[in-house]
């Protein structure tokens, strides 16, 4: 009960602050876009086809604002409902664990799946309804219609940013505080009810991992759909008003929901899980089955809904594309996602040598553990980047920017399964916490721990997906922005672009510095509070007195609300400032720079953190001969592993996952404001 109350109250507080921001930003969108034509209500000539008349810029301003608010509200609802489902599911998982590990697995997995389907369906439904309602006004002006729809992606992602950063700071401040005092100083087990920070820690799992992750993937999903629709609206689909072909991106996603429904049955109904060692393979099979089935699904959609040949807008020219080429674009994204998932798993699961080496390095203390962990993170970037690079090359060669947008959609098409696997982790983690706090038998805790260890790896896979798709999405949005802002080519050798490039590459570091520092300072307060309670409340260590949980929850809440504003402002204001004062060319440099450096930091941060976490679990579980030489809990190697895990916490749950939102959000925001920047941007260069 306590984690549920805490999570709900925190989200309500967070959404109040975010709500104020939402309204303010909506007004900003309206003013900026309305001022493009001086708020006139006259029809204007279209951007891409000067002969035709399109709806006025004021209409785009109004509808972009509406779709921004729609996206934001949908994102908030997705996160909130996901959190509600998870907080009901965790206690049920604990109860099912009494009957055996298989029953507990099914409960945790199904509740994760509910959240996955809810989110995918929610995003698709609202987007489809919005398109049809906007069509009542826009009629044949599809170019204006889909330009206004991009606000949906912006709304989804801006909420996701605050959810991810706020939730991430909340959960990690509590986690670091609980671990450092509880496990390292006082030698009490994880989730022990005597630890004052334990409720805050459990609340944090729901707020950060579930609500944050939900909003994040919803954002990716909304944006890749918007990017594809914008490019399609100025291609032959949009010009000839072929609505079925126009909706190809949405059809891929709806096919994905059906495929994931079938896939889920493989985990819960067709094959029963009986032993602990079957958990991880079952989750990995989910990814493989959904990818194979989806390949067939994409083929069906492509051959039934697309004409055999059509043209795609490619920076001012129309490129002829065949339907089989588009099929390959989607598949490249889909399979690249699978590769990224498995590489991430190899580097973060304690079944393979990389994590075992990190665990082994704990014998000589925390310093070697940190060195090994960092090296692992940097190394784990190599293959995912090649996978992303190949998919970009293939999809761009076949179908220009539209190809990249549908490749991103391909990667996200199995989002329901991805989210089910991802939400499963925090649910089983919380189930373990409940078992420990309720003082249930040792056997149950072992079962929930086994579920949780598998969940940790799969959560890392989910983050890999999120980062890979973010790279493709933001590149597609970047292409749409360049087209919309009427830049013929982005030349790195011009000083305007190059300064943008180098500043853009710096932004992810600035952003990470802010989020890491926030976690650090919040954790500092938390550690002091937990120590204070252990030292001043008589009988707390013996279990006679109850700790003051509320104070710890308040520390986390206050810190995360206060600290989520600066990083959020950095991301939201950068495109506005750069576009207005330096113009579209410098902004294109900033977008390219932040994309290139952000992806690397995001992958290495989340894999380093995941590896440290699982190295600690490897030592704690003591499943192999090697692990037993390093253990048991409380030994020096174990303490070194806990320190590594604590350093990795903000990396894998705050900075890393928030970076993919930074990359996407700046790109989608630039696209939404592109009409304004193209007309009024570059004030500084106009003066000189």
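Using N, Cα and C of the backbone, Cβ positions are placed for all residues, glycine too.
Keep in mind that TrEMBL annotations are predicted by a computer and have not been checked by a curator.
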TrEMBL annotation of transmembrane segment - which of the ranges 91-112, 113-134 it falls on: 113-134
Remote residues contacting the transmembrane segment (465-487) - C-beta distance under 8 A, at least 6 residues beyond either end: 47, 147, 150, 153, 213, 216-217, 220, 223-224, 226-228, 230-231, 234, 313, 315-316, 333, 336-337, 340-341, 384, 387-388, 391-392, 400-401, 404-405, 407-408, 411-412, 418, 584-585, 587-588, 591-592, 595, 599, 602-603, 606, 656-657, 659-661, 663-664, 666-668, 670-671, 674-675, 677-678
Same-chain residues near the transmembrane segment (287-306), Cβ under 8 Å, at least 6 residues beyond its ends: 244-245, 247-248, 251-252, 255-256, 258-260, 262-263, 266, 323-324, 326-327, 330-331, 334-335, 337-338, 341-342, 410, 413-414, 417-418, 421, 461
Chain residues in Cβ proximity to the transmembrane segment (493-511) (below 8 Å; excluding those fewer than six residues from its ends, i.e. six or more beyond): 567, 570-571, 574, 578, 582-583, 585-598, 601-602, 655, 658-659, 662-663, 666, 685
